[in-house]
Number of protein chains: 2
Amino acid sequence: MVLYLIGLGLHDEKDVTIRGLEAIKGSERVYLEAYTSILGIGKERLESFYGKDIIVADRDMVETDSDAILKDADKVDVAFLVVGDPFGATTHADLLLRADDLEVPYVVIHNASVMNAVGALGLALYNYGQTVSIPFFTDSWRPDSWLERVRENARLGLHTLCLLDIKVKEQSEENLARGRKIYEPPRYMSVPCAISQLLSLLPPSPSASSSSSDDAAPASGVAPAADALDPSTTLAISASRVGHPSQTFVSGTLSELAALDEDAFGGPLHSFVIVGRTFHALERDFARRWAVDRDNWDRVSKEVYAVRD
Amino acid sequence: MVLYLIGLGLHDEKDVTIRGLEAIKGSERVYLEAYTSILGIGKERLESFYGKDIIVADRDMVETDSDAILKDADKVDVAFLVVGDPFGATTHADLLLRADDLEVPYVVIHNASVMNAVGALGLALYNYGQTVSIPFFTDSWRPDSWLERVRENARLGLHTLCLLDIKVKEQSEENLARGRKIYEPPRYMSVPCAISQLLSLLPPSPSASSSSSDDAAPASGVAPAADALDPSTTLAISASRVGHPSQTFVSGTLSELAALDEDAFGGPLHSFVIVGRTFHALERDFARRWAVDRDNWDRVSKEVYAVRD
């Protein structure tokens, strides 16, 4: 029979496709991949909607015990559910190559993921560069390779989708050392946290600490280089809970977004896009509707991004 | 009430989500945007599945007569269906800004589009650069700006998703001049056509005309620069009809793919990905399964892309 990889989409039990739902209902066992993203609802609601028990598959199980998932999949259908699209956050190539070894065919049932649903911000998907993931900094670990990728995109005029860290099933150092399977509460990075980490990596600049429109224009009147990521003249658009009924978009300069309270963005998951210079008038108007300060949005669009009507 | 923008996904009537189907069934009027992509089926099958008449909205209608689509949408629900995701090929920002003007709220119901479903090729979506569209060349018009974007991606080690031209509802010059609304049959660019157009823009190189493994290695033993796009040492993976039951993936060098018959890729829609240097061993193994020549795939991966196990 078949291993189905089924995307669940972005919010709740009704975001699965008709094709996906039929495959789930016909499957003997149903696994839910539970480490690369989260739905807005618990697995109980999925179980009652599907009329099926769900086995939660954590990273350990998928990476080290894929044969348990594939067991008998040559005789019965097995469904492997992934929030978003099955290939969104990770390709699951190990699992699928193992299925090939066991001569179990697989069928992918795609769905929306943040990688394409971010199109709802109104910036053309064609003009995005590579996507980055921003990890939580600690006192002793402040990785910054993602910032170079943001700069590479910016130099080409491209937008950057920034996905924010999720810590699920993390163990404290003490519990890890003692081999105790006690997990910390999940942590989800917010937009202000991510942007303040970003700003902490930038060299100090005269306008870096300012978000007012008077000070924001470079004194020389010369627009800063795109890859300088000047916080008061670099536009960004946040996207929280994309595809959920409560999704929230906020647009403004990096300084403006960093200064907002976390509540302005609501609950997890948060992401944001750093706007590249390919920005044009229709995109400006579309995202202006969510601007912290519409006048400043228009001013930076015109003076720094050179958007013309 | 509400304007629903609903993604239909990639293949047939069963690729809509449960949420999307409920919204369609509750809508007073249902439009199908019919110019940026195609489903694998006709609108009649959608109509009988939904139990609703469908009004086909061509580009003209959406761009110049959006008020007809939005008529009474403050009193009744209206559904606007888009193949793939509503923001995949175009943002529909004009329509949505007009909805705002008329104080009609809109709700987006996302779905898979080629922009994220291409993840099924096994290359991490994070490592894609900007997407390009390759237009049909004519005798007098051979636009090449997209090739520079491929090179920009290649220099950064990134993959490029190449979407191929669709000509739907095109008029001949004569019919256009005479104002006759007679349309040519639709045309869909194939992978060999797209790659041969690409190759025609490259400067001639010693190995450019060869696809055999003996001649393909540069005589000097030095790997060519990534942005040279040497056809015998640049890897690519084609993806036809992504998300359809008949989807077909083929991997190989640009030369190998260009030399195949169109039948090897099957019917439209075709796209392909030019593999960047971020390529790694698991991705090589995953895509090897579709290789024209597995030995050459491994050889180029190792010698040119420096993939290590």
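Numbers run from 1 along the shown chain.
From the backbone N, Cα and C atoms, a Cβ is placed for every residue, glycine too.
The feature domain 'Tetrapyrrole methylase' is assigned by TrEMBL to B:3-176.
Annotation comment: TrEMBL describes B:L10, B:D85, B:G88, B:S113, B:V114, B:L164 as S-adenosyl-L-methionine binding site. Residue environment of B:D85 (S-adenosyl-L-methionine binding site) contains 32 other Cβ atoms, counted within 10 Å of its Cβ in all protein chains.
The region 'Disordered' annotation in TrEMBL covers B:206-225.
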Got a sec? Which of these binding-site residues, B:L10, B:G88, B:S113, has the most Cβ atoms within 10 Å?
B:S113
Near chain A - the binding-site residues B:L10, B:G88, B:L164, filtered by Cβ distance under 8 Å:
B:L10, B:G88
Cβ-Cβ under 8 Å from B:L164 (S-adenosyl-L-methionine binding site), same chain, 6 or more residues apart: which ones?
B:S133, B:I134, B:Y188, B:M189, B:S190, B:V191, B:C193, B:A194, B:L269, B:H270, B:S271, B:F272
Return one of helix, strand or coil for B:S113 (S-adenosyl-L-methionine binding site), based on DSSP.
coil
What mean pLDDT does the predicted model reach across the domain 'Tetrapyrrole methylase' (B:3-176)?
93
Return the maximum Cα to Cα distance in Å (whole number) over the record's S-adenosyl-L-methionine-binding residues: B:L10, B:D85, B:G88, B:S113, B:V114, B:L164.
18
